[in-house]
Amino acid sequence: MSHLSQQRIYSGENPFACKVCGKVFSHKSNLTEHEHFHTREKPFECNECGKAFSQKQYVIKHQNTHTGEKLFECNECGKSFSQKENLLTHQKIHTGEKPFECKDCGKAFIQKSNLIRHQRTHTGEKPFVCKECGKTFSGKSNLTEHEKIHIGEKPFKCSECGTAFGQKKYLIKHQNIHTGEKPYECNECGKAFSQRTSLIVHVRIHSGDKPYECNVCGKAFSQSSSLTVHVRSHTGEKPYGCNECGKAFSQFSTLALHLRIHTGKKPYQCSECGKAFSQKSHHIRHQKIHTH
């Protein structure tokens, strides 16, 4: 390190300023790397996978994902990480620290990125667009998972029955069928659920809370998924298309029912006469024949 560089560190002198945002640096090389943020230039490329970064420090951090090296270990639980900032974020789970709070509803988060994604539930912003069907998402990870519908990729397989899923969360939900575990119980009525999110939605039955409101007609819903489906009644969007006949649907569940026309699948069987049905509603209607 040169004598001049050392002097700047001790004096706190930062003579190099960014013309775009005004941020100052002690070295011109640091300013040059910073300016890549504004120009979106990514000159630092990973030799393993070709992924590019705006700063050298980020490509160095990224390369740890290929080596598998995890130098940073949590003192509480022993879990290790390839990057120090990932360890610091993880440690907040143990401390309960949630420094990033939503100004609209007060909900707090461990990570700033989670707060930004959450705030989109208030603004309705969905900047990530599927190139196949045009469906939009508030988070990039949601788009990535959705895209598996189009390519037919189902990498998450149940070890019990072999059923495969495009998204990990659906596999986890499915596995509770085999275990029967329902650890989340409602304090109001005692009803138990296998998933925490299901309990949260259920509690709204008692509270009457409907936080998701349609910007077009003002109708409110207890679940964001219900609002998403409802909005399609205004837009006419039908993102779920049948590969057999091309018919499109606004809900995935409706497409799943429709597919049984082509597959001939009839999972609902009458215990009285053995007649089978493709839809549960048809099965229930049929059973009334035997009760009358």
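Note: Cβ is positioned from N, Cα and C throughout, glycine not excepted.
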Do you know which of Lys56, Lys219, Lys247 is annotated SUMO2 cross-link by Swiss-Prot?
Lys56
Record feature SUMO2 cross-link (Swiss-Prot), assigned residue among Lys131, Lys173, Lys275:
Lys173
Among Lys28, Lys70, Lys92, Lys148, which is annotated SUMO2 cross-link in Swiss-Prot?
Lys28
Feature SUMO2 cross-link, as given in Swiss-Prot - residue among Lys51, Lys84, Lys103, Lys191:
Lys51
Once the chains shown are all counted, how many other Cβ atoms turn up within 10 Å of the Cβ of Lys157 (SUMO cross-link)?
12
How many neighbouring Cβ atoms, not counting its own, are there within 10 Å of the Cβ of Lys51 (SUMO2 cross-link)?
14
Taking only C-alpha atoms and a 10 A limit, tell me which of Lys157, Lys169, Lys173 are near Lys56 (SUMO2 cross-link). These are the recorded sites.
none
